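Peer 1: OK, TrEMBL features for this one:
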TRANSMEM  12-31  transmembrane segment
TRANSMEM  43-63  transmembrane segment
TRANSMEM  72-91  transmembrane segment
TRANSMEM  97-115  transmembrane segment
TRANSMEM  136-156  transmembrane segment
TRANSMEM  162-179  transmembrane segment
DOMAIN    199-389  domain 'Major facilitator superfamily (MFS) profile'
TRANSMEM  200-225  transmembrane segment
TRANSMEM  231-253  transmembrane segment
TRANSMEM  265-283  transmembrane segment
TRANSMEM  289-312  transmembrane segment
TRANSMEM  324-347  transmembrane segment
TRANSMEM  353-374  transmembrane segment
């Protein structure tokens, strides 16, 4: 395929990312609001919300193993359609069991989309630009999610069904785009002979840490602020500062990573994340805390595209689908674990330890990536010594 055609395919992938982000921002947060409005028990709400990420993790591994040598676009369309139908059905029931099943269906459907579309994205992109391409993908997804997260609640006030219907309609549009523009272009290679996970343990751990940190901030940061006496309106601004930071930081950091080295850039991003997250907890002054919240988003937001690019950069064409599936699995596992484990720490040690476990994961990730860089540096010196000898 020519470079111009690959660029065109990437454009369609960015459009799909924008639309899927819009749909998810429209009905995933609203699902929690809807269940809360109907006074469902908090344990049920937590279980149903976590079910999405559990299905996302399991579905990504399943689709990787079942679609080798086949046209992946069929499963992407099927997954988006299943998610759309489940979203339409969600406000038409009050049964927790049905809500759980529908959330599992949505998570499974989105997993088909993520593995298929992200695999295609890396097939169509050049290796030297993968962090930037992943950054653009994440940026479009985040923009869609951010806009719909703001407009969704307004639609819910008008009609509880409206956000679910709009999200479903957006996914149906995605189905047509994938079927018309990507059909026959997503033929996945046969399963590789060697286990892909052995080649990318550190980036996958980074994906887990990102998922853990992201959902902990989104789910528990508002509670942390309210318990410190911050008003409801100010809580929204603080969370918004984090989200805006995520959106703004993604593209420049991923562009820089492709130029100076992804692992070197990743080390700096992790280190700043540790300092800024610690600052959010330690500082009582609201305006200063807003700045730290923005900085945290600015450096944590690029984690997703950076770890995704690091995961696939040394993989063969046969290994790309497995690498993408493993990335989605570990990201989803971290997303599911973050709020639950952090809430347990808070219950045991107090609200000031909201990010203690997250910081432990960040520190261990910094250690692992740093050690990997040191090993690679020594290996290069050793190889140069052998060549000169």
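Cβ coordinates come from backbone N, Cα and C, glycine included.
Note that the structure is a prediction, hence the values are computed from the model and not measured.
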Peer 1: Is it true that the transmembrane segment (97-115) and the transmembrane segment (72-91) have 3 or more CB pairs under 8 Å, sequence gap of 6 or more?
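Peer 2: As far as Cβ distances go (cut-off 8 Å, pairs 6 or more apart), the transmembrane segment (97-115) and the transmembrane segment (72-91) touch.
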Peer 1: Would you mind listing the long-range same-chain contacts of the transmembrane segment (265-283), meaning Cβ under 8 Å and 6+ residues beyond its ends?
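Peer 2: Tertiary neighbours of the transmembrane segment (265-283) are 206, 213, 224, 253, 256-257, 289, 292-293, 295-296, 299-300, 302-303, 306-307, 310, 352, 354-355, 358-359, 362-363, 365-366, 369-370, 373.
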Peer 1: Sequence gap of 6 or more, Cβ distance under 8 Å, 3 or more pairs: do the transmembrane segment (43-63) and the transmembrane segment (324-347) meet that?
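Peer 2: These two segments touch.
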Peer 1: When you check the transmembrane segment (200-225) against the transmembrane segment (72-91), do you get at least 3 Cβ pairs under 8 Å, counting only pairs 6 or more apart in sequence?
Peer 2: no
Peer 1: Give residue numbers and ranges for long-range contacts of the transmembrane segment (353-374): same chain, 6 or more residues beyond its ends, CB-CB under 8 A.
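Peer 2: Same-chain residues near the transmembrane segment (353-374) but 6 or more away: 202, 205-206, 208-209, 212-213, 216, 220-221, 224, 263-264, 266-267, 270-271, 273-274, 277-278, 280-281, 338, 341-342, 345-346.
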Peer 1: Within this structure, do the transmembrane segment (162-179) and the transmembrane segment (72-91) have 3 or more Cβ pairs under 8 angstroms, counting pairs 6 or more apart in sequence?
Peer 2: yes
Peer 1: Express the predicted model's confidence over the domain 'Major facilitator superfamily (MFS) profile' (199-389) as a mean pLDDT, rounded to an integer.
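Peer 2: Reported value for the domain 'Major facilitator superfamily (MFS) profile' (199-389) is a mean pLDDT of 84.
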Peer 1: Should anything in the same chain at least six residues away from the transmembrane segment (162-179) have a Cβ under 8 Å from its Cβ atoms, list it; otherwise answer none.
Peer 2: 12, 15-16, 19-20, 22-24, 26-27, 30, 73, 76-77, 80-81, 83-85, 87-88, 90-91, 113, 117, 148, 152-153, 155-156
